[in-house]
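**Q** The transmembrane segment annotation in TrEMBL covers 51-71, 77-96, 103-124, 130-149, 169-188, 217-237, 243-259, 271-289, 301-319.
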């Protein structure tokens, strides 16, 4: 079962990435990142009903983010107030026990499309199509790999929730306190690489769990940076033989390692997924970049790491305050 899960992950994510590169889609990393997240989180092949539901959620989320960004572009205070409220509600839905993946899709769209719409309005119009297309490709590849390597045993039961959970309102506010300021930073400085950093940050915050301890939080920071750096290394290797076949082989053997770690489960599984997403995002961004200089991409990997440290630091601080307040106790200012 572990071998099948590992092969499903490696082949599915590789196929989604190579299809995006072969079709010259932007962003090419979106489909493989979604495929990786789904393969790591779903206990079995998604049903047709679930797949249609995810496509509908992605369509609604991307169109909603694009419409509010387009209509409220002239009133940025109103726009970001609405985005902050929606981000808070999405995090609150995740922390309240509702299905996490639909809320994650809303968060990704809300954190990226408005920023691109403000920085590069002409490019923003293509993002809703790109997001829905990425979800469709991810679902198709997942069905294909489950056909090749079917589930041979009953899925493992979900782990029980931790005995002590901090106030979901506080943690949802913490998620908004990470995402919205990062959006503002990218807008204020007009940074063109907002899309990969915002997607990675949202997925990092969504997988945050300090019930595992502070060492686990530190491992998430290291994993985020290591994954981004690995993506840069893979791109450097790819430049020696720039072909889709070499890219597919390079990705497949790299993803075997990540797939094995996630199939084994345990506390390292979410860190492996985080590092894998960072690797895919940086690799895809580097391939599609018009400025592939090493110094520029070292700066971008550094931005990637700083955003991750800010996210983990903010969530750790709020988790610490919320957990020490205890249930039913007011928090001290």
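Cβ coordinates come from backbone N, Cα and C, glycine included.
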**Q** If we call contact 3 or more Cβ pairs under 8 Å (sequence gap 6 or more), are the transmembrane segment (271-289) and the transmembrane segment (217-237) touching?
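**A** Yes, these stretches are in contact.
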**Q** Go through 51-71, 77-96, 243-259, 301-319 and flag the stretch with the largest number of C-beta pairs under 8 Å relative to the transmembrane segment (130-149).
**A** 51-71
**Q** Considering pairs 6 or more residues apart, do the transmembrane segment (103-124) and the transmembrane segment (51-71) have at least three CB pairs under 8 Å?
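**A** Counting Cβ pairs under 8 Å (6 or more apart in sequence), the transmembrane segment (103-124) reaches the transmembrane segment (51-71), since there are 3 or more.
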**Q** Between the transmembrane segment (217-237) and the stretches 77-96, 169-188, 243-259, 301-319, work out which stretch tops the count of Cβ pairs under 8 Å.
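**A** It is 301-319, which has the most Cβ pairs under 8 Å.
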**Q** Where else in the chain does the transmembrane segment (169-188) make close Cβ contacts, counting only residues six or more beyond its ends and a cut-off under 8 Å?
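**A** Result: 76, 80, 83-84, 87-89, 91-92, 95, 107, 110-111, 114-115, 118-119, 194, 197-198, 201-202, 205-206, 307, 310-311, 314-315, 317-319, 321-322, 331.
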**Q** List, by number or range, the same-chain residues at least 6 past the transmembrane segment (51-71) whose CB is under 8 A from its CB atoms?
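**A** Same-chain residues near the transmembrane segment (51-71) but 6 or more away: 79, 82-83, 101-102, 105-106, 108-110, 112-114, 117-118, 124-125, 127-128, 131-132, 135-136, 139, 143.
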